[in-house]
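Pulled from Swiss-Prot, these are the features on record:
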{"type": "BINDING", "residues": "16, 17, 18, 19, 20, 21, 22, 23, 24, 44, 126", "note": "ATP binding site"}
{"type": "BINDING", "residues": "96, 101, 132, 136, 185, 194, 270, 282", "note": "L-citrulline binding site"}
{"type": "BINDING", "residues": "128, 132, 133", "note": "L-aspartate binding site"}
């Protein structure tokens, strides 16, 4: 593209950069599309692993960026985004623990902060025009920095396939580790990894062993169960097997332990925000254990009405997080409403891991409402069973009146 036909009005743009095929192509495309535009690469370290970050700065510079900021967000992600979300019990369509969805708000927020720091007038992402992430990122940008221009190359350029991107980079002598044989689209963070694309797009194809990366196949997991002891304080895991750990530290340990037992795999066809269905294979080993532990203590400490309210919050929260509406008054309100309930979730849980399953087999809490004296079927001095008669008569009064009226 000649200088005469290049777009103007953008002098400095911050790109959400991963070093993958898409964002590697975006850097030269931005330089060729916008006149005299400086590209700043931004990478969020959300626990995707050292292999994903190694050499990233050099790669961004060699692709044409003037600078690359790598921001460590691991602890903040777990403490300020994951824990508040799972405290509500949010789980999308009954199975998905929102791994990708929870990471998007903190990434977008940090990207805006870098844009402000360097004086950028635009932000850019590599999300496709068919997916949820474009909505999540741009919804966050709208809430946090409505003055910044948003550039979404997948909705602008003429490239439509991985082959197109590979050819584009080859023509410009930009190296990439991607290839047409690397068929899966993966997204990893401290909480999970997702796998999409390739043969997974046909729901009749069973995922091969090569799909999964965080967990062993349940049938190949140890033949003996492993018991993991967890201590919780106000809805957060503070100790794993007696060792005090940070929020991120606890999650990484549980990922390793639970992954070795094949825990946390799901294969689902979900309803995307943009209207289509998509198939995703997700691995959330440590998160599955954490979710089970919180729900186990909740069973002890929440009364019936509180638990029903928490379930309502969780159902609404799952949609807000999935749909990219984290920075909204409603999301803020639901998170605030869940805090008094989460503050009760303190205690100890023992989780049994075996062949892909994670079950709470022991639990106790100083806040427990469970009383063996009250619950026993044997003789007791604290509960007069005759009292139930009056309660049942009043509880069923509406049904009795309706039946009498029907005669």
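Heads up, the Cβ atoms here are built off N, Cα and C, so glycines get one too.
Shown here: features listed in Swiss-Prot, placed on the structure.
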| residue | record | DSSP class |
| --- | --- | --- |
| 20 | ATP binding site | coil |
| 96 | L-citrulline binding site | strand |
| 101 | L-citrulline binding site | helix |
| 126 | ATP binding site | coil |
| 132 | L-citrulline binding site | coil |
| 185 | L-citrulline binding site | strand |
| 282 | L-citrulline binding site | strand |
Length of the line joining the Cα atoms of residue 20 (ATP binding site) and residue 185 (L-citrulline binding site), in Å: 10
Residue 101 (L-citrulline binding site) versus binding-site residues 16, 22, 24, 128, 133 - nearest by Cα: 133
Rounded inter-Cα distance in Å - residue 22 (ATP binding site), residue 282 (L-citrulline binding site): 21
Maximum Cα-Cα separation in Å among residues 16, 17, 18, 19, 20, 21, 22, 23, 24, 44, 126, which the record lists as binding ATP: 17
Candidate binding-site residues 96, 132, 133, 136, pick with smallest Cα gap to residue 126 (ATP binding site): 133
Protein Cβ atoms within 10 Å of residue 22 (ATP binding site), excluding its own: 20
Fewest other C-beta atoms within 10 angstroms, as judged across 18, 128, 132, 185, 194, which are the binding-site residues: 128
Alpha-carbon spacing, residue 18 (ATP binding site) to residue 185 (L-citrulline binding site), which is rounded to whole Å: 13
